[in-house]
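Enquirer: Per Swiss-Prot, the features are:
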BINDING   H159, V160, L161, V162, Y167, H172, P173, S174, Y175, E213  S-adenosyl-L-methionine binding site
BINDING   R209  substrate binding site
INTRAMEM  176-206  intramembrane segment
TOPO_DOM  1-23  topological domain 'Cytoplasmic'
TOPO_DOM  69-88  topological domain 'Cytoplasmic'
TOPO_DOM  132-175  topological domain 'Cytoplasmic'
TOPO_DOM  207-239  topological domain 'Cytoplasmic'
TRANSMEM  24-44  transmembrane segment
TRANSMEM  48-68  transmembrane segment
TRANSMEM  89-109  transmembrane segment
TRANSMEM  111-131  transmembrane segment
Amino acid sequence: MHQDFQEDEHEYPDIRRNPLHEVTMTSYILGILLGIFVGLFPQIRFKNFNLFIIALSLFHFLEYYITAKYNPLKVHSESFLLNNGKSYMAAHSFAILECLVESFLFPDLKIFSYSLATKLCTVLGCLLVILGQYTRTIAMHTAGHSFSHIVKTKKESDHVLVKTGVYSWSRHPSYLGFFWWAIGTQLLLLNPLSLVIFIFVLWKFFSDRIRVEEKYLIEFFSAEYIEYKNKVGVGIPFI
C-alpha cells in the first residue's frame, strides 16, 4: 500500500498550498450560505435573490471541487476564487447593492409575477446561469491538467492542446461559460444597471485576456493552435 502511494503521490495536491483549516472553513461557510438561502426560499418575497446566492455559492464551491478532482496538482486554497481581485468583489457588491436598493424603492418591479418582462428575464437568467455553469464545469473537467485559473506564460510538461468535447465548438469554453453565467445572474436579479455594466466589463476583460493568452498558446503549439483558432470560435459575441 505504501508503495502504491509513492507511485501515485505525484497525483496528490501539495498540502502546503492547501491548509486544511482554510479549505474546510471555506467549504463550511459556502455550504451554510447555500443552506440558509435554500431554507429561506419559501419565506422571501423576492425569490430571485435566493437563487442568485445559491448560484454564487455553487459556483465558488465547484471551482475548488473540480480543480481538486481533475487537476489536483494545481489546486490550492485560492482555487475557490473568492479572492478573485478587487474588480470581481466590487462588481458583485454593486450588483447586490443595486438589487437591495431597487427592492426597497420599487418592490413590485423585483417580483417574478409583476410583468411578462420580469418573467422572461427570470427564466432567461436561470437558463444562462445553468448553461454557463455547466459549460465552465465541463470545460475544466475536459481540460484536466491543462486547465489553469491564471494565464500561463511558460509551457508545462503536462500542458496539451485540448480540442475535444466542448473545446471542439469553443476554444475558450471556461470563459464562455463564466461570461453567460455572470450575465444570467444579473438577469436573475432584474438589475438593469449591473446588466449593462457586466456585459461591457466582462466583454472587455475576456477580449484582452484571450488576446494575451493566445499569444502564448501560439508560442506553445505553433501552427497547430493557429489552425485550431481559425476553425473554432470563442462563443462570446465579437471576440
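Keep in mind that glycine also has a Cβ here, set from the backbone N, Cα and C atoms.
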Enquirer: Can you tell me how spread out the S-adenosyl-L-methionine site is, meaning the largest CA to CA distance among H159, V160, L161, V162, Y167, H172, P173, S174, Y175, E213, in Å?
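Expert: Spelled out: the longest distance between any two Cα atoms in H159, V160, L161, V162, Y167, H172, P173, S174, Y175, E213 is 18 Å.
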Enquirer: Go through Y167, Y175, our binding-site residues, and report the one whose Cβ sees the most other Cβ atoms within 10 Å.
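Expert: Result for the most crowded candidate: Y175.
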Enquirer: Could you tell me the C-alpha distance between Y167 (S-adenosyl-L-methionine binding site) and the residue listed as 'substrate binding site' in angstrom, no decimals?
Expert: 18
Enquirer: What is the three-state DSSP composition of the topological domain 'Cytoplasmic' (207-239), stated as helix, strand and coil residue counts?
Expert: 24 helix, 0 strand, 9 coil
Enquirer: Rank the binding-site residues H159, R209 by the number of other Cβ atoms within 10 Å of each Cβ, and give the residue at the low end.
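Expert: Counting other Cβ atoms within 10 Å of each of the binding-site residues H159, R209, the minimum falls on R209.
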Enquirer: Take the transmembrane segment (111-131) and find every residue of the same chain, 6 or more past its ends, with a Cβ under 8 Å from one of its Cβ atoms.
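Expert: The answer is 45-48, 51, 55, 177, 180-181, 183-190.
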Enquirer: R209 (substrate binding site) to Y175 (S-adenosyl-L-methionine binding site): how many Å between their Cα atoms?
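Expert: Spelling it out, the Cα of R209 (substrate binding site) and the Cα of Y175 (S-adenosyl-L-methionine binding site) are 10 Å apart.
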Enquirer: Return the residues near L161 (S-adenosyl-L-methionine binding site) by Cβ distance under 8 Å, restricted to its own chain and a separation of at least 6 in sequence.
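Expert: Residues satisfying the criterion: S146, L217, F220, F221, E224, Y225, Y228.
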Enquirer: What does DSSP assign P173 (S-adenosyl-L-methionine binding site), in three states?
Expert: helix
Enquirer: Restricting to the same chain and to residues at least six past its boundaries, which positions have a Cβ under 8 Å from a Cβ of the topological domain 'Cytoplasmic' (132-175)?
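Expert: For the topological domain 'Cytoplasmic' (132-175), the sequence-distant neighbours (Cβ-Cβ under 8 Å, at least 6 residues beyond its ends) are 55, 58-59, 62-63, 66-67, 70-71, 73-74, 79, 81, 181-184, 206, 209-210, 212-213, 216-217, 219-221, 224-225, 228-229, 232-236.
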Enquirer: State the count of C-beta atoms found within 10 angstroms of the C-beta of P173 (S-adenosyl-L-methionine binding site), not counting that atom itself.
Expert: 25
Enquirer: Sort out the residues at least 6 away from either end of the topological domain 'Cytoplasmic' (69-88), same chain, that have Cβ-Cβ distances under 8 Å to it, and list them.
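Expert: Here the qualifying positions are 10-14, 17-19, 22-23, 26, 30, 60-61, 63, 140-141, 143-145, 147-149, 158, 201.
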Enquirer: Please report, as numbers and ranges, the same-chain residues at least 6 past the borders of the topological domain 'Cytoplasmic' (207-239) whose CB is under 8 Å from any CB of it.
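Expert: For the topological domain 'Cytoplasmic' (207-239), the sequence-distant neighbours (Cβ-Cβ under 8 Å, at least 6 residues beyond its ends) are 151-153, 155, 159, 161, 163, 167-173, 175-176, 179.
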Enquirer: Pop the mean pLDDT for the topological domain 'Cytoplasmic' (207-239) in here, whole number is fine.
Expert: 98
